[in-house]
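Per Swiss-Prot, these features apply:
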BINDING   ARG25, GLU82, LYS135, LYS478  (6S)-5-formyl-5,6,7,8-tetrahydrofolate binding site
BINDING   ASN241, THR260, ILE262, THR265  K(+) binding site
BINDING   241-246, 260-266, 285-288  GTP binding site
BINDING   SER245, THR266  Mg(2+) binding site
DOMAIN    231-400  domain 'TrmE-type G'
Amino acid sequence: MLARHHDPIVAIATAPGRGAVGIVRVSGKDIAPVIAAICGRALAPRQATYLPFRDAQGQVIDQGLAIHFPAPHSYTGEDVLELQAHGGPVVLQLLLARCLEAGAALNPAIGQPWLAQLRVAQPGEFTERAFLNDKIDLAQAEAIADLIDASTETAARSAARSMSGEFSLAVNTLLEQLIHLRMLVEATLDFPEEDIDFLQKADAQGQLSRLQATLTGVMQRATQGAILREGIKVVIAGQPNAGKSSLLNALAGAELAIVTPIAGTTRDKVSELIQIEGVPLHVVDTAGLREALDEVEKIGVERAWAEIESADAVLFLHDLSRRDAALPAQDTINYIAADDRIARTLANKLPENTAIIDVWNKSDLTSPAGLQQVQGGVLISAKTGAGLQTLRQRLLQVVGWQAAPEGVFMARERHVRALHHVQDQLATAGRQLQAARPALDLLAEDLRQAQRQLSEITGEFTPDDLLGEIFSRFCIGK
(Lines of atoms letter the chains of each structure in order from A and count residues from 1; the text may use other names and numbers.)
(Lines give C-alpha, C1' and ligand atoms only; values in the text may rest on other atoms or scores of the structure.)
Protein backbone atom coordinates (compact mmCIF):
# COMPACT_ATOMS: atom_id res chain seq x y z
CA MET A 1 0.00 0.00 0.00
CA LEU A 2 2.77 2.43 0.92
CA ALA A 3 4.40 2.25 -2.52
CA ARG A 4 1.28 3.54 -4.28
CA HIS A 5 0.44 6.52 -2.11
CA HIS A 6 1.06 8.99 -4.96
CA ASP A 7 -1.90 7.65 -7.00
CA PRO A 8 -5.12 9.70 -6.85
CA ILE A 9 -7.81 7.66 -5.08
CA VAL A 10 -11.59 7.63 -4.75
CA ALA A 11 -14.04 5.75 -2.53
CA ILE A 12 -17.48 5.87 -0.98
CA ALA A 13 -16.81 7.27 2.49
CA THR A 14 -20.11 6.39 4.17
CA ALA A 15 -21.27 3.02 5.46
CA PRO A 16 -22.94 0.55 3.06
CA GLY A 17 -26.72 0.61 2.85
CA ARG A 18 -29.37 3.28 2.44
CA GLY A 19 -29.22 6.60 4.25
CA ALA A 20 -30.21 10.23 4.00
CA VAL A 21 -26.72 11.28 2.89
CA GLY A 22 -23.85 9.45 1.25
CA ILE A 23 -20.35 10.76 0.56
CA VAL A 24 -17.89 10.02 -2.24
CA ARG A 25 -14.37 11.22 -1.51
CA VAL A 26 -11.51 11.87 -3.97
CA SER A 27 -7.92 12.62 -2.90
CA GLY A 28 -4.77 13.22 -4.89
CA LYS A 29 -2.75 15.69 -6.89
CA ASP A 30 -4.36 17.76 -9.67
CA ILE A 31 -7.94 16.50 -9.30
CA ALA A 32 -9.35 19.62 -11.00
CA PRO A 33 -10.45 17.63 -14.11
CA VAL A 34 -12.65 15.40 -11.95
CA ILE A 35 -14.18 18.45 -10.27
CA ALA A 36 -14.87 20.10 -13.62
CA ALA A 37 -16.33 16.95 -15.18
CA ILE A 38 -18.78 16.18 -12.38
CA CYS A 39 -19.59 19.67 -11.07
CA GLY A 40 -19.33 21.57 -14.35
CA ARG A 41 -17.06 24.26 -12.92
CA ALA A 42 -14.32 25.01 -10.44
CA LEU A 43 -15.28 25.22 -6.78
CA ALA A 44 -14.42 27.88 -4.22
CA PRO A 45 -12.03 26.39 -1.64
CA ARG A 46 -13.61 24.97 1.52
CA GLN A 47 -17.11 26.17 0.65
CA ALA A 48 -20.11 23.88 0.28
CA THR A 49 -21.73 24.40 -3.13
CA TYR A 50 -25.14 22.95 -3.99
CA LEU A 51 -25.23 21.81 -7.61
CA PRO A 52 -26.11 18.91 -9.93
CA PHE A 53 -23.65 16.03 -10.40
CA ARG A 54 -23.55 15.06 -14.07
CA ASP A 55 -22.51 11.99 -16.04
CA ALA A 56 -20.43 12.03 -19.25
CA GLN A 57 -23.53 12.82 -21.35
CA GLY A 58 -24.45 15.78 -19.16
CA GLN A 59 -27.36 13.97 -17.53
CA VAL A 60 -27.98 14.62 -13.85
CA ILE A 61 -26.98 11.74 -11.56
CA ASP A 62 -28.07 13.56 -8.40
CA GLN A 63 -28.01 16.97 -6.78
CA GLY A 64 -26.04 17.65 -3.63
CA LEU A 65 -23.15 19.46 -1.99
CA ALA A 66 -19.63 19.55 -3.40
CA ILE A 67 -16.66 20.74 -1.33
CA HIS A 68 -13.10 21.21 -2.55
CA PHE A 69 -10.30 21.17 0.03
CA PRO A 70 -7.06 22.27 -1.70
CA ALA A 71 -3.79 20.87 -0.38
CA PRO A 72 -2.41 21.01 2.22
CA HIS A 73 -5.50 22.10 4.16
CA SER A 74 -7.42 18.84 3.93
CA TYR A 75 -7.84 15.58 5.83
CA THR A 76 -5.20 13.79 3.73
CA GLY A 77 -2.95 16.80 3.09
CA GLU A 78 -3.70 16.42 -0.65
CA ASP A 79 -6.36 18.00 -2.86
CA VAL A 80 -9.66 16.50 -1.70
CA LEU A 81 -13.13 16.57 -3.27
CA GLU A 82 -16.19 15.49 -1.29
CA LEU A 83 -19.48 14.86 -3.03
CA GLN A 84 -22.39 14.71 -0.60
CA ALA A 85 -25.34 13.09 -2.33
CA HIS A 86 -28.45 11.17 -1.37
CA GLY A 87 -27.43 7.98 0.41
CA GLY A 88 -28.76 5.34 -1.96
CA PRO A 89 -26.28 2.60 -2.94
CA VAL A 90 -27.03 2.94 -6.67
CA VAL A 91 -26.53 6.72 -6.64
CA LEU A 92 -23.21 6.41 -4.82
CA GLN A 93 -21.98 3.69 -7.16
CA LEU A 94 -22.88 5.89 -10.14
CA LEU A 95 -20.89 8.78 -8.64
CA LEU A 96 -17.94 6.50 -7.92
CA ALA A 97 -17.97 5.22 -11.50
CA ARG A 98 -18.27 8.78 -12.81
CA CYS A 99 -15.17 9.85 -10.86
CA LEU A 100 -13.16 6.95 -12.30
CA GLU A 101 -14.50 7.72 -15.77
CA ALA A 102 -13.59 11.41 -15.47
CA GLY A 103 -10.06 10.52 -14.42
CA ALA A 104 -9.68 8.21 -17.42
CA ALA A 105 -10.98 10.79 -19.92
CA LEU A 106 -8.43 12.09 -22.44
CA ASN A 107 -6.74 15.42 -21.97
CA PRO A 108 -6.93 16.91 -25.51
CA ALA A 109 -3.75 18.89 -24.96
CA ILE A 110 -1.60 15.78 -24.60
CA GLY A 111 -3.85 12.99 -25.88
CA GLN A 112 -3.57 11.07 -22.61
CA PRO A 113 -5.95 10.52 -19.67
CA TRP A 114 -6.27 13.33 -17.16
CA LEU A 115 -5.68 11.03 -14.18
CA ALA A 116 -4.54 7.69 -15.54
CA GLN A 117 -3.83 6.30 -12.05
CA LEU A 118 -7.11 7.28 -10.37
CA ARG A 119 -8.27 4.13 -8.58
CA VAL A 120 -10.52 2.92 -5.79
CA ALA A 121 -8.86 3.42 -2.41
CA GLN A 122 -7.62 0.58 -0.25
CA PRO A 123 -9.07 0.21 3.28
CA GLY A 124 -7.74 3.02 5.46
CA GLU A 125 -5.82 4.67 2.65
CA PHE A 126 -7.21 8.17 3.21
CA THR A 127 -6.10 8.05 6.84
CA GLU A 128 -2.79 6.50 5.82
CA ARG A 129 -2.14 9.49 3.57
CA ALA A 130 -3.01 11.84 6.43
CA PHE A 131 -0.31 10.05 8.44
CA LEU A 132 2.25 10.06 5.61
CA ASN A 133 1.63 13.77 5.00
CA ASP A 134 2.12 14.60 8.70
CA LYS A 135 -1.48 15.64 9.29
CA ILE A 136 -1.74 13.14 12.16
CA ASP A 137 0.62 10.72 13.88
CA LEU A 138 0.11 6.97 14.14
CA ALA A 139 -1.52 7.03 17.57
CA GLN A 140 -4.07 9.56 16.29
CA ALA A 141 -4.72 7.44 13.19
CA GLU A 142 -5.41 4.40 15.36
CA ALA A 143 -7.69 6.50 17.55
CA ILE A 144 -9.83 7.35 14.53
CA ALA A 145 -10.49 3.65 13.96
CA ASP A 146 -11.08 3.15 17.68
CA LEU A 147 -13.61 5.98 17.75
CA ILE A 148 -15.52 4.34 14.91
CA ASP A 149 -15.44 0.96 16.70
CA ALA A 150 -16.19 2.27 20.21
CA SER A 151 -18.84 0.18 21.98
CA THR A 152 -19.50 2.52 24.93
CA GLU A 153 -19.71 6.28 25.48
CA THR A 154 -16.67 6.18 27.75
CA ALA A 155 -14.66 4.39 25.05
CA ALA A 156 -15.78 6.92 22.43
CA ARG A 157 -14.78 9.89 24.58
CA SER A 158 -11.41 8.30 25.33
CA ALA A 159 -10.81 7.67 21.63
CA ALA A 160 -11.71 11.30 20.91
CA ARG A 161 -9.05 12.40 23.41
CA SER A 162 -6.43 10.32 21.65
CA MET A 163 -7.62 11.51 18.24
CA SER A 164 -7.22 15.13 19.34
CA GLY A 165 -3.63 14.38 20.36
CA GLU A 166 -3.71 13.92 24.16
CA PHE A 167 -1.97 10.54 24.07
CA SER A 168 0.56 11.76 21.50
CA LEU A 169 1.30 14.84 23.61
CA ALA A 170 1.96 12.61 26.64
CA VAL A 171 4.30 10.40 24.60
CA ASN A 172 6.10 13.39 23.09
CA THR A 173 6.59 14.87 26.57
CA LEU A 174 8.27 11.62 27.59
CA LEU A 175 10.39 11.73 24.45
CA GLU A 176 11.58 15.28 25.18
CA GLN A 177 12.65 14.35 28.70
CA LEU A 178 14.30 11.17 27.47
CA ILE A 179 16.19 12.88 24.65
CA HIS A 180 17.50 15.53 27.04
CA LEU A 181 18.81 12.84 29.37
CA ARG A 182 20.29 10.92 26.48
CA MET A 183 22.12 14.05 25.29
CA LEU A 184 23.82 14.32 28.69
CA VAL A 185 25.00 10.72 28.51
CA GLU A 186 26.19 11.11 24.91
CA ALA A 187 28.06 14.29 25.85
CA THR A 188 29.86 12.44 28.63
CA LEU A 189 30.81 9.73 26.14
CA ASP A 190 31.95 12.19 23.47
CA PHE A 191 34.08 14.38 25.76
CA PRO A 192 35.64 12.08 28.36
CA GLU A 193 38.65 14.36 28.70
CA GLU A 194 36.59 17.27 29.97
CA ASP A 195 37.00 17.87 33.68
CA ILE A 196 33.27 18.13 34.11
CA ASP A 197 30.97 15.39 35.34
CA PHE A 198 28.02 16.09 33.10
CA LEU A 199 25.82 13.49 34.74
CA GLN A 200 26.21 14.62 38.34
CA LYS A 201 26.19 18.31 37.56
CA ALA A 202 23.01 17.99 35.50
CA ASP A 203 21.35 15.75 38.10
CA ALA A 204 20.94 12.87 35.65
CA GLN A 205 19.59 10.62 38.39
CA GLY A 206 16.95 13.18 39.31
CA GLN A 207 16.00 13.62 35.66
CA LEU A 208 15.63 9.87 35.27
CA SER A 209 13.46 9.64 38.39
CA ARG A 210 11.18 12.39 37.11
CA LEU A 211 10.99 10.68 33.73
CA GLN A 212 10.00 7.41 35.39
CA ALA A 213 7.31 9.17 37.43
CA THR A 214 5.87 10.74 34.29
CA LEU A 215 5.97 7.38 32.54
CA THR A 216 4.04 5.75 35.39
CA GLY A 217 1.20 8.24 34.97
CA VAL A 218 1.08 7.73 31.20
CA MET A 219 1.11 3.95 31.64
CA GLN A 220 -1.83 4.08 34.02
CA ARG A 221 -3.94 6.08 31.58
CA ALA A 222 -2.87 3.94 28.62
CA THR A 223 -3.64 0.70 30.48
CA GLN A 224 -7.14 1.95 31.27
CA GLY A 225 -7.53 2.98 27.64
CA ALA A 226 -6.56 -0.50 26.48
CA ILE A 227 -9.25 -1.97 28.75
CA LEU A 228 -11.81 0.35 27.14
CA ARG A 229 -10.72 -0.64 23.65
CA GLU A 230 -10.29 -4.38 24.07
CA GLY A 231 -13.01 -4.97 26.64
CA ILE A 232 -12.91 -7.69 29.28
CA LYS A 233 -13.99 -11.28 28.73
CA VAL A 234 -15.93 -12.55 31.76
CA VAL A 235 -17.02 -16.20 31.88
CA ILE A 236 -19.71 -17.44 34.26
CA ALA A 237 -18.85 -20.98 35.39
CA GLY A 238 -20.17 -23.46 37.92
CA GLN A 239 -22.22 -26.58 38.44
CA PRO A 240 -25.53 -27.12 36.62
CA ASN A 241 -28.47 -25.13 37.97
CA ALA A 242 -26.25 -22.76 39.98
CA GLY A 243 -28.02 -19.83 38.29
CA LYS A 244 -25.46 -18.96 35.59
CA SER A 245 -28.07 -18.11 32.96
CA SER A 246 -30.06 -16.09 35.50
CA LEU A 247 -26.93 -14.13 36.36
CA LEU A 248 -26.22 -13.38 32.68
CA ASN A 249 -29.79 -12.16 32.23
CA ALA A 250 -29.54 -10.03 35.38
CA LEU A 251 -26.26 -8.42 34.32
CA ALA A 252 -27.53 -7.79 30.78
CA GLY A 253 -30.95 -6.60 31.89
CA ALA A 254 -32.60 -8.86 29.31
CA GLU A 255 -33.81 -12.45 28.95
CA LEU A 256 -30.95 -13.73 26.80
CA ALA A 257 -30.50 -17.25 28.15
CA ILE A 258 -33.18 -19.87 28.79
CA VAL A 259 -33.75 -20.43 32.51
CA THR A 260 -35.45 -23.62 33.79
CA PRO A 261 -35.21 -25.73 36.95
CA ILE A 262 -33.81 -28.56 34.79
CA ALA A 263 -30.07 -29.06 35.32
CA GLY A 264 -28.08 -28.89 32.10
CA THR A 265 -30.45 -26.57 30.21
CA THR A 266 -27.52 -24.57 28.79
CA ARG A 267 -25.63 -26.78 26.33
CA ASP A 268 -23.65 -24.12 24.45
CA LYS A 269 -22.27 -20.72 25.30
CA VAL A 270 -24.46 -17.62 25.33
CA SER A 271 -22.61 -14.30 25.26
CA GLU A 272 -23.56 -10.65 25.55
CA LEU A 273 -21.70 -7.34 25.49
CA ILE A 274 -22.60 -5.26 28.54
CA GLN A 275 -21.00 -2.20 30.09
CA ILE A 276 -20.20 -1.25 33.65
CA GLU A 277 -19.36 2.44 34.11
CA GLY A 278 -18.50 2.58 30.41
CA VAL A 279 -16.18 -0.44 30.49
CA PRO A 280 -17.22 -3.05 27.88
CA LEU A 281 -17.52 -6.59 29.23
CA HIS A 282 -18.06 -9.64 27.05
CA VAL A 283 -20.00 -11.89 29.45
CA VAL A 284 -20.28 -15.58 28.54
CA ASP A 285 -22.71 -18.08 30.07
CA THR A 286 -21.50 -21.68 29.79
CA ALA A 287 -22.76 -25.22 30.27
CA GLY A 288 -22.76 -26.59 33.81
CA LEU A 289 -19.52 -28.30 34.83
CA ARG A 290 -20.11 -31.95 35.69
CA GLU A 291 -19.64 -35.45 34.28
CA ALA A 292 -21.63 -35.24 31.05
CA LEU A 293 -24.74 -37.42 30.76
CA ASP A 294 -24.71 -37.57 26.95
CA GLU A 295 -22.54 -36.66 23.96
CA VAL A 296 -24.18 -33.26 23.41
CA GLU A 297 -23.64 -32.23 27.02
CA LYS A 298 -20.05 -33.49 26.83
CA ILE A 299 -19.37 -31.15 23.91
CA GLY A 300 -20.99 -28.30 25.86
CA VAL A 301 -18.76 -28.93 28.89
CA GLU A 302 -15.64 -29.04 26.69
CA ARG A 303 -16.61 -25.72 25.13
CA ALA A 304 -17.25 -24.30 28.58
CA TRP A 305 -13.70 -25.11 29.66
CA ALA A 306 -12.34 -23.61 26.42
CA GLU A 307 -14.17 -20.35 27.20
CA ILE A 308 -12.97 -20.41 30.81
CA GLU A 309 -9.33 -20.83 29.77
CA SER A 310 -9.50 -17.76 27.51
CA ALA A 311 -11.22 -15.52 30.09
CA ASP A 312 -9.85 -12.39 31.72
CA ALA A 313 -12.08 -13.05 34.73
CA VAL A 314 -14.17 -16.04 35.86
CA LEU A 315 -17.29 -15.76 37.99
CA PHE A 316 -17.32 -19.10 39.84
CA LEU A 317 -20.98 -19.40 40.75
CA HIS A 318 -22.02 -21.43 43.81
CA ASP A 319 -25.61 -22.40 44.60
CA LEU A 320 -25.63 -21.39 48.23
CA SER A 321 -29.03 -22.99 48.80
CA ARG A 322 -27.47 -26.39 48.07
CA ARG A 323 -25.11 -25.87 51.01
CA ASP A 324 -27.97 -25.08 53.36
CA ALA A 325 -28.01 -27.04 56.63
CA ALA A 326 -31.67 -27.89 56.01
CA LEU A 327 -30.70 -30.21 53.13
CA PRO A 328 -29.83 -33.91 53.66
CA ALA A 329 -26.23 -34.11 54.80
CA GLN A 330 -24.98 -36.30 51.94
CA ASP A 331 -26.43 -33.99 49.28
CA THR A 332 -24.62 -31.08 50.87
CA ILE A 333 -21.37 -33.02 51.13
CA ASN A 334 -21.55 -34.11 47.49
CA TYR A 335 -22.28 -30.60 46.25
CA ILE A 336 -19.42 -29.06 48.23
CA ALA A 337 -17.05 -31.79 47.02
CA ALA A 338 -18.00 -31.08 43.39
CA ASP A 339 -17.42 -27.34 43.92
CA ASP A 340 -14.02 -28.10 45.44
CA ARG A 341 -13.05 -30.22 42.41
CA ILE A 342 -13.99 -27.38 40.06
CA ALA A 343 -12.02 -24.91 42.19
CA ARG A 344 -8.89 -27.09 42.01
CA THR A 345 -9.27 -27.48 38.24
CA LEU A 346 -9.65 -23.72 37.81
CA ALA A 347 -6.51 -23.13 39.86
CA ASN A 348 -4.56 -25.65 37.77
CA LYS A 349 -5.81 -24.61 34.33
CA LEU A 350 -5.86 -20.82 34.53
CA PRO A 351 -2.90 -18.41 34.41
CA GLU A 352 -2.11 -16.52 37.59
CA ASN A 353 -3.33 -13.24 36.10
CA THR A 354 -6.85 -14.60 35.47
CA ALA A 355 -9.14 -13.29 38.19
CA ILE A 356 -11.49 -15.81 39.84
CA ILE A 357 -14.38 -14.39 41.85
CA ASP A 358 -16.43 -16.69 44.07
CA VAL A 359 -20.07 -15.69 43.64
CA TRP A 360 -22.56 -17.11 46.15
CA ASN A 361 -25.95 -17.16 44.46
CA LYS A 362 -29.55 -17.75 45.64
CA SER A 363 -29.19 -15.83 48.87
CA ASP A 364 -32.98 -15.40 48.76
CA LEU A 365 -33.44 -19.18 49.08
CA THR A 366 -30.86 -19.75 51.79
CA SER A 367 -31.48 -19.96 55.52
CA PRO A 368 -29.62 -17.70 57.97
CA ALA A 369 -27.45 -20.67 58.93
CA GLY A 370 -26.53 -21.18 55.27
CA LEU A 371 -25.71 -17.50 54.78
CA GLN A 372 -23.23 -17.67 57.65
CA GLN A 373 -21.15 -20.16 55.65
CA VAL A 374 -20.13 -17.49 53.14
CA GLN A 375 -16.48 -16.55 53.53
CA GLY A 376 -15.04 -14.23 50.91
CA GLY A 377 -16.47 -13.68 47.46
CA VAL A 378 -19.71 -11.86 46.69
CA LEU A 379 -23.15 -12.79 48.00
CA ILE A 380 -25.95 -12.27 45.45
CA SER A 381 -29.39 -13.25 44.31
CA ALA A 382 -29.61 -13.25 40.53
CA LYS A 383 -33.39 -13.49 40.92
CA THR A 384 -33.93 -10.44 43.16
CA GLY A 385 -30.85 -8.46 42.12
CA ALA A 386 -29.43 -8.33 45.63
CA GLY A 387 -25.65 -7.91 45.61
CA LEU A 388 -25.35 -7.31 41.86
CA GLN A 389 -23.97 -3.79 42.26
CA THR A 390 -21.30 -5.13 44.62
CA LEU A 391 -20.46 -7.77 42.01
CA ARG A 392 -20.16 -5.14 39.28
CA GLN A 393 -17.75 -3.08 41.36
CA ARG A 394 -15.74 -6.18 42.23
CA LEU A 395 -15.42 -7.02 38.54
CA LEU A 396 -14.03 -3.57 37.75
CA GLN A 397 -11.62 -3.91 40.64
CA VAL A 398 -10.18 -7.31 39.67
CA VAL A 399 -9.70 -6.38 36.00
CA GLY A 400 -7.72 -3.30 37.02
CA TRP A 401 -10.13 -0.54 36.03
CA GLN A 402 -9.34 2.71 37.78
CA ALA A 403 -10.23 5.76 35.75
CA ALA A 404 -7.54 8.43 35.93
CA PRO A 405 -8.82 11.73 37.37
CA GLU A 406 -7.56 13.66 34.34
CA GLY A 407 -9.40 11.31 31.98
CA VAL A 408 -8.43 8.19 30.08
CA PHE A 409 -7.14 8.29 26.53
CA MET A 410 -7.63 5.36 24.17
CA ALA A 411 -4.64 3.08 23.75
CA ARG A 412 -3.92 -0.32 22.25
CA GLU A 413 -2.11 -3.37 23.53
CA ARG A 414 0.90 -2.51 21.35
CA HIS A 415 1.11 0.88 23.06
CA VAL A 416 0.97 -0.68 26.53
CA ARG A 417 3.65 -3.23 25.58
CA ALA A 418 5.89 -0.46 24.26
CA LEU A 419 5.48 1.54 27.48
CA HIS A 420 6.36 -1.53 29.55
CA HIS A 421 9.50 -1.98 27.44
CA VAL A 422 10.39 1.66 28.10
CA GLN A 423 9.85 1.10 31.82
CA ASP A 424 12.22 -1.88 31.76
CA GLN A 425 14.88 0.04 29.81
CA LEU A 426 14.71 2.98 32.23
CA ALA A 427 14.99 0.63 35.21
CA THR A 428 18.15 -0.84 33.69
CA ALA A 429 19.46 2.67 33.03
CA GLY A 430 18.78 3.58 36.66
CA ARG A 431 20.88 0.68 37.88
CA GLN A 432 23.71 1.82 35.63
CA LEU A 433 23.54 5.36 36.97
CA GLN A 434 23.70 4.12 40.55
CA ALA A 435 26.80 2.01 39.89
CA ALA A 436 30.15 3.22 41.21
CA ARG A 437 31.54 3.25 37.66
CA PRO A 438 28.58 3.43 35.24
CA ALA A 439 29.03 1.73 31.87
CA LEU A 440 28.10 4.80 29.85
CA ASP A 441 27.91 2.98 26.53
CA LEU A 442 25.36 0.53 27.96
CA LEU A 443 23.48 3.39 29.60
CA ALA A 444 23.30 5.23 26.28
CA GLU A 445 22.03 2.09 24.55
CA ASP A 446 19.28 1.62 27.15
CA LEU A 447 18.10 5.17 26.57
CA ARG A 448 18.29 4.74 22.79
CA GLN A 449 16.11 1.63 22.94
CA ALA A 450 13.62 3.41 25.18
CA GLN A 451 13.44 6.30 22.70
CA ARG A 452 12.85 3.88 19.84
CA GLN A 453 9.96 2.21 21.68
CA LEU A 454 8.29 5.56 22.33
CA SER A 455 8.80 6.60 18.70
CA GLU A 456 7.00 3.46 17.52
CA ILE A 457 3.86 4.57 19.34
CA THR A 458 3.52 7.80 17.35
CA GLY A 459 4.92 6.33 14.14
CA GLU A 460 8.12 8.37 14.04
CA PHE A 461 9.87 5.01 13.82
CA THR A 462 7.59 2.19 12.69
CA PRO A 463 8.18 -0.81 10.38
CA ASP A 464 6.21 -0.72 7.13
CA ASP A 465 4.57 -4.09 7.84
CA LEU A 466 3.08 -2.70 11.06
CA LEU A 467 1.72 0.32 9.18
CA GLY A 468 0.14 -1.97 6.60
CA GLU A 469 -1.52 -4.05 9.29
CA ILE A 470 -2.89 -1.01 11.12
CA PHE A 471 -4.40 0.74 8.11
CA SER A 472 -5.76 -2.45 6.51
CA ARG A 473 -8.18 -2.73 9.45
CA PHE A 474 -9.91 0.53 8.52
CA CYS A 475 -13.03 0.59 6.36
CA ILE A 476 -12.77 1.63 2.70
CA GLY A 477 -13.35 5.37 2.40
CA LYS A 478 -11.56 6.14 5.66
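Even glycines carry a Cβ here, placed using N, Cα and C.
In the three-state DSSP assignment, the secondary structure recorded for LYS244 (GTP binding site) is helix.
Taking each of the binding-site residues ARG25, LYS244 in turn and counting other Cβ atoms within 10 Å of its Cβ gives the largest count for LYS244.
With respect to their backbone Cα atoms, ALA287 (GTP binding site) and LYS135 ((6S)-5-formyl-5,6,7,8-tetrahydrofolate binding site) stand 51 Å from each other.
If you take the Cα of LYS135 ((6S)-5-formyl-5,6,7,8-tetrahydrofolate binding site) and the Cα of LYS244 (GTP binding site), they are about 50 angstrom apart, rounded to a whole number. Between the CA atoms of ARG25 ((6S)-5-formyl-5,6,7,8-tetrahydrofolate binding site) and SER245 (Mg(2+) binding site) there is a gap of 47 Å, rounded to the nearest whole number. Mean pLDDT across the domain 'TrmE-type G' (231-400) comes to 86 in this model. Secondary structure from DSSP puts LYS135 ((6S)-5-formyl-5,6,7,8-tetrahydrofolate binding site) in coil. Classification of GLU82 ((6S)-5-formyl-5,6,7,8-tetrahydrofolate binding site) by DSSP places it within a strand. Straight-line distance linking the Cα atoms of LYS244 (GTP binding site) and GLU82 ((6S)-5-formyl-5,6,7,8-tetrahydrofolate binding site), rounded to a whole number, equals 51 Å. Among the listed binding-site residues, namely GLU82, SER245, the Cβ with the most fellow Cβ atoms inside 10 Å is that of SER245. Cα separation, SER245 (Mg(2+) binding site) to GLU82 ((6S)-5-formyl-5,6,7,8-tetrahydrofolate binding site), rounded: 49 Å.
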